[in-house]
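What Swiss-Prot says about this one:
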type    : residues                                                       : note
BINDING : Gly207, Glu208, Pro209, Gly210, Val211, Gly212, Lys213, Thr214 : ATP 1 binding site
BINDING : Gly619, Pro620, Thr621, Gly622, Val623, Gly624, Lys625, Thr626 : ATP 2 binding site
REGION  : 84-147                                                         : region 'Repeat 2'
REGION  : 160-342                                                        : region 'NBD1'
REGION  : 343-559                                                        : region 'Linker'
Amino acid sequence: MQPTDPTKFTDKAWEAIVKSQDVAREYRSQYLETEHVMIALLREEGLGQVILERSDIDTEWVLKRLMDFARQQPRVPAGSELYCGRSLDALLDEANRLRQEEEDQFISIEHLLLAFVGDRRIGQRLFRALNCDRQQLAATVKAIRGAQKVLDQNPENKYAALEKYGRDLTEAARQGKLDPVIGRDEEIRRVIQVLSRRTKNNPVLIGEPGVGKTAIAEGLAQRIINGDVPESLKNRRLISLDLGSLVAGAKFRGDFEDRLKAVLHEVTHSEGQIVLFIDELHTVVGAGANQNSSMDASNLLKPMLARGELRCIGATTLDEYRKYIEKDAALERRFQQVYIGQPSVEDTISILRGLKDRYEIHHNVKITDSALVAAAMLSDRYISDRYLPDKAIDLVDEAAAKLKMEITTKPAELEALERRLRQLEMERLSLKQEESLPLSQAPLQATRDRLQRIEAEIAQLQPRQQAMQARWQAEKELLERINSLKEEEDQVKLQIEQAERDYNLNKAAQLKYGRLETLQRELEATEAQLLELQAAGGTFLRDQVTEADIAEIVAKWTGIPLQKLMASERQKLLQLEQVLHQRVIGQSDAVAAVAAAIRRARAGMKDPARPIGSFLFMGPTGVGKTELARALAEALFDDENALVRIDMSEYMEKHAVSRMIGAPPGYVGFDSGGQLTEAIRRRPYAVVLFDEVEKAHPEVFNVLLQVLDDGRITDSQGRTVDFRNTVIIMTSNLGSEHILDLAADDSRYEEMRQRVLQSAQKYFRPEFLNRIDDVILFHGLGRTELAQIAQIQLRRVEKLLADQKIHLRLTPAALDHLVAVGFDPVYGARPLKRAIQRELENPLAVKLLEEVFTPGDTILVDLVGSELTFRAVSPAGTGDRDTVSAS
């Protein structure tokens, strides 16, 4: 048979024949022979190499022998005519015969390779040397091809399709590569029940992201391996299909369908031996479809799913199931829903205990049980936008990774000692060079004295550094040895399980009572050695993940301070009133109420289902309501801008409430989220200020009812936003006229309070007021408070001048004048700010521009008549340079 008709060959086989001509020319051969075709075939990565490798044949060795043989053949001048050799003719005839035997439509690579085994020119000798015959190679080809026939010119993509596009979960379970699945017995039993049906035996696992849907499929694989399943599932293979690999590289129309059909063909021809698992099931809807055709993966699956020819487990989230699967009623009815709920905190703790060994071995650390309990409880309480057990597992994983990173780096104490030694060594070298210079007696003696002191310090520090280094190294080596023993112990346990599954009880007993016991004794001895070393000289390396490590990770994720209180912070919380009073003058009731709420929260005494505190500040304008919120933000976060401020005057219309929680679906801005909800999602631990609440439309307060009572709100996209770690402050000017009228008379304080509360009750609904922790009255400011506020305001001016290296001092008369000009009981402290700006800042700005005062001056501000005067004085207050009036 002459190689002249490409339509009789598959694409890859014809490609090998075409390339063989280049090989023949490379070896200056006159005839195209079998060795040239085989060299071309084996140089390319493909089915030829796979068949040889699966038959335990070294491809490189075969290729080298073929090339050596080709070099020994007669050579002709370059450019000579190339003819088809008799051996190639015979090879193609034999390949064609094999094709007919297999009922294939095209000559493929495997036909050429099997025909080459009987090649009299070189093939027979080569395979005899390898001790391999055609039957062995044919068995390998059959294992790769399965039930597939060569029906088109690109059949290689369909061979071992499941191996290419799937992952065998049962094999992974047999090798111990899957994490143990703890609990979930009811859900796994329900999946087995659906799989055991005659038709529509396809469960779909539906649940929120991170609740363990994929883990249930892995748990089923482990049960199949252990034989803990009904007869209908015993010895079955559970294969996870990777749709991404199926679609990737499918350039031409029909490629994807061919690949999927090959997978389904393998599954159906396994006669129920294969159960398919499709993670992210919603991706089958629309996968592989194009503009001109609605044929996608789901439409190829439907007939087989309905007839029960294909047993398939799907997994998807609730949202994606509703969005994709429910819309296709024909696909939905072929699957039986199995709802996977979020496990409880107790179940999560059990899951973490089951996974503990895997994470300890991976990170080379120990994880305490209290850390596992803390991970489950803290993640449930503080990480509200994710689900158990996923978020708890992530916490443990990250805390262990952080500790491992600390173990692999040098201790800070040792590093500091090494830095000091390097510094001393450099100084010693410098002084040695200086000593050799021609110096007078006094400097030379000083250099020698300094050199002597440095050498004495080096002699003192070096042994300490060496001892510390040796101890750290010994501790590190012991930890590494412990981890190595644990890994080996894990492997031995896996081998014992495998031997027990295979009923090789003799091997299982040898491992269990021989190697395993030896390893456990060695592990105990090494751990005792480590404890002894740590007890003798203290520990450098902390190898245990504790509750505090978990709390630190949660704090980093959420911004909520959960770590144990440091002494400095403890003191700060006890003195929070004094800290707040540095900025807020007077208003003791308000400051005390806010400080008490913060202390309750940090001491762990707050109601876990409500915000830290919710307050309604009522009082006249300019008395410090907004300032207290800013001062609190600065006290908690060291930044007064860490304040979520919502100006309620922007919510005067009824529809403006959508800006707070997000626009409803179909409206512009739906994807942007709400001003309030997005701010708290990003920063769950915050001070939230609703300024001037009475300016908002009454309907807006309905949104806040759930926030105040349950500490949560649902935004326009259905996400629950957690307000349990926020301080909510609302300010209002309602009833301020009663405060101003009766503030001077202390005996009528209760009457004033009742009148203000009546004003609030007239405006706010009872269900709103009833949810607030405390309604706090802010008093009007007197001259004494205003004088203190003036000093705070003047410190700001002093700071601005200090940047220009100019100092500012005011006489008591000047200060009294500013307070008198700025005093207005109706408007509070704001007129004082304007008075300071008008009387002090404006004239000063002019003098600075005129260069009357220069850097280094101290400006004394005094009152002469009814005007402020400015003059430069020496720091001691004498040596006047000039006096300048404000006018």
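Any Cβ shown, glycine's included, is placed from N, Cα and C.
A quick note: this is a predicted structure, and the numbers were derived from the prediction, not measured.
Spacing of Gly619 (ATP 2 binding site) relative to Gly212 (ATP 1 binding site) is 53 Å (Cα to Cα, whole number). Thr621 (ATP 2 binding site) falls within neither a helix nor a strand when secondary structure is assigned with DSSP, and so counts as coil. For Gly207 (ATP 1 binding site), the nearest neighbour among the listed binding-site residues (Gly622, Val623, Lys625), judged by C-alpha distance, is Lys625. Here the binding-site residues are Pro209, Gly212, Gly622, and the one with the most other Cβ atoms within 10 Å of its Cβ is Gly212. Using a 10 Å Cα-Cα cut-off from Thr626 (ATP 2 binding site), none of the binding-site residues among Glu208, Pro209, Val211 qualify. Neighbouring residues of the recorded ATP 2 site, listed in sequence order and excluding Gly619, Pro620, Thr621, Gly622, Val623, Gly624, Lys625, Thr626, comprise Phe617, Glu627, Thr731, Asn733, Phe778, Gly828, Ala829 (Cβ within 8 Å of the Cβ centroid).
Put simply, Lys625 is the one of the binding-site residues Pro620, Thr621, Gly622, Val623, Lys625 whose Cα lies nearest to the Cα of Val211 (ATP 1 binding site). The highest number of surrounding Cβ atoms within 10 Å, among the binding-site residues Gly210, Gly624, is found at Gly624.
Across the fold, the C-alpha of Thr214 (ATP 1 binding site) and the C-alpha of Pro620 (ATP 2 binding site) stand 60 Å from each other. A coil conformation is recorded for Gly212 (ATP 1 binding site) in the three-state DSSP classification, outside any helix or strand.
In the three-state DSSP scheme, Thr626 (ATP 2 binding site) falls into the helix class. Over the region 'Repeat 2' (84-147) the predicted model carries a mean pLDDT of 81. Cα of Glu208 (ATP 1 binding site) to Cα of Lys625 (ATP 2 binding site): a span of 43 Å.
The most densely surrounded of the binding-site residues Val211, Val623 is Val623 (count of other Cβ atoms within 10 A of its Cβ).
If you measure from the Cα atom of Pro620 (ATP 2 binding site) to that of Lys213 (ATP 1 binding site), you get 57 Å. For the region 'Repeat 2' (84-147), the DSSP-based tally of helix, strand and coil residues reads 45 helix, 2 strand, 17 coil. Sitting within 8 Å of the Cβ centre of Gly207, Glu208, Pro209, Gly210, Val211, Gly212, Lys213, Thr214, and not among those site residues for ATP 1, are the Cβ atoms of Thr317, Ile340, Tyr387, Asp390.
Lys213 (ATP 1 binding site) has Lys625 as its nearest neighbour among the binding-site residues Thr621, Gly622, Val623, Gly624, Lys625, going by CA to CA distance.
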